[in-house]
Amino acid sequence: MSNLLSIILSFSSIFLLIAADEASNTLNILMPDATAKHVDDYLCTAFKMDEDQPTYITAFNPSASSKDAHHMLVFGCSEPGSSDKIWNCGEMSHSNDHSGQNYATGPTCASGSTIIYAWALDADKTELPKDVAFKVGGATSIKYLVLQVHYANIDKFEAGETDRSGLILTTSPVALPKTAGVLLLSTDGEMAPHSLEVFEVACEIEQNIEMHPFAFRTHAHKLGLVNSGYRVRGEDDDQEWTEIGRRSPQLPQMFYPTENDVTIKQGDYVAAACTMYNTQSHVVRIGQTGNDEMCNFYMMYWVDGDELLREDVCTSPGPPSYYFRNNQYLNVDKIPASAFRIPPPPNGPAPGEPIQGGHHMMMQHKTKPRRREYRNKYVF
């Protein structure tokens, strides 16, 4: 009897170890000892997914430091932009730099590009909700994951070191019923010296789909004050702007949970606004380098089943060419006043905390900022 019990316990222990191992599968998406030669280099590396069965990603654990990486992106690709182990995948060609390049140049994806994850400013781990996963590999169109790292500092490389920045992904060994996707809203545009500017973008959801946003991420560079995203539903005086997320882009840039239970359907608009203050004495434009700016709002969502949003990037020309006022279907009088205000902690800094290189956040503590329209701009 005692021998039988020992055998049962032994098998139970083995089963538990196997179960624990299966429940904690990981996938390392790391730079393979990359070397950047210039500040603002964008380097990419690809990881082939299992073709026979899909992989279900349930968490993203960063392994990087903002001392080296300005930001990281993970793309899903049908084909990567290069067959090289590492390639230069940024728009900055350094054509006037005679020091040359370590790597050949190519796009992030040669075909089938979709954004899966983004990270910056030493953000922490992101875990997806129960029963939700990014589905890649297998019969999906995502045959490769491509890691892109934007390098902000090259001191370590000049000292002879290499880089293994990236992410450790948690995967599920079993299929999950809800599929995750990401919608990116971004703008082009520019802002005048010493001016407050709002960059705006909106797109109608034309696909027959029902999306459930559960997390959001904001991204700007040094001049960003607050980025906000909204679902816009209805027309004219009955139109409602429901907040998806609002956060200062000067804080760690991971995906944060949405506070409102929002469903987005065909016919709704998704809109985003980035409020910035240009402290410089020159025009600042949207661009790739740390001296340029970016207005990005990422919305992570889930759907029942496998069908995700096909048009997963929404863009606008930005100021001075485009504002919400240019879209006849958007009632700007319905935009919440809070859209252009920096939120309280945890999505904004503590009261009195300086940001933007020591400049105080000018709109943080006003109870209701005054807004008037002038030549299609909002002036606070």
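Quick reminder: no glycine exception, Cβ is built from N, Cα and C everywhere.
In TrEMBL this protein carries:
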- 1-20: signal peptide (SIGNAL)
- 29-157: domain 'Copper type II ascorbate-dependent monooxygenase N-terminal' (DOMAIN)
- C44-C89: disulfide bond (DISULFID)
- H70, H71, H150, H219, H221, M294: Cu(2+) binding site (BINDING)
- C77-C109: disulfide bond (DISULFID)
- 179-326: domain 'Copper type II ascorbate-dependent monooxygenase C-terminal' (DOMAIN)
- C203-C314: disulfide bond (DISULFID)
- C274-C295: disulfide bond (DISULFID)
- 344-380: region 'Disordered' (REGION)
- 362-374: compositional bias 'Basic residues' (COMPBIAS)
Integer Cα-Cα distance in angstrom, C314 (disulfide bond) to H150 (Cu(2+) binding site): 22
When distances run from the Cα of H150 (Cu(2+) binding site) to each of the disulfide-bonded residues C44, C77, C203, C274, C295, the nearest one: C44
Taking every protein chain shown into account, which of the binding-site residues H70, H219 has the largest tally of Cβ atoms within 10 Å of its Cβ? H219
Other residues, Cβ within 8 Å of H70, H71, H150, H219, H221, M294 Cβ centroid (Cu(2+) site): A120, A220, G290
Disulfide-bonded residues clustered about H221 (Cu(2+) binding site) [Cα within 10 Å; pool: C44, C89, C109, C203, C274]: none
Mind giving me a neighbour count for C89 (disulfide bond)? Other Cβ atoms within 10 Å of its Cβ, every protein chain shown. 26
Going by DSSP assignments with H, G and I as helix and E and B as strand, what are the residue counts for the domain 'Copper type II ascorbate-dependent monooxygenase N-terminal' (29-157)? 3 helix, 60 strand, 66 coil
Listed in sequence order, the disulfide-bonded residues within 10 angstroms (C-alpha to C-alpha) of H71 (Cu(2+) binding site) out of C77, C203, C274, C295 are none
At the Cα level, what's the spacing in Å between C44 (disulfide bond) and C274 (disulfide bond), rounded? 28
Which ones in the same chain are close to C77 (disulfide bond), with CB under 8 Å and 6+ residues apart in sequence? A46, T108, C109, A110, S111, G112, S113, T114, I142, K143, Y144, L145, V146
Looking at the recorded positions C109, C203, C274, M294, C314, which sits with the largest number of other Cβ atoms within 10 Å of its Cβ? C274
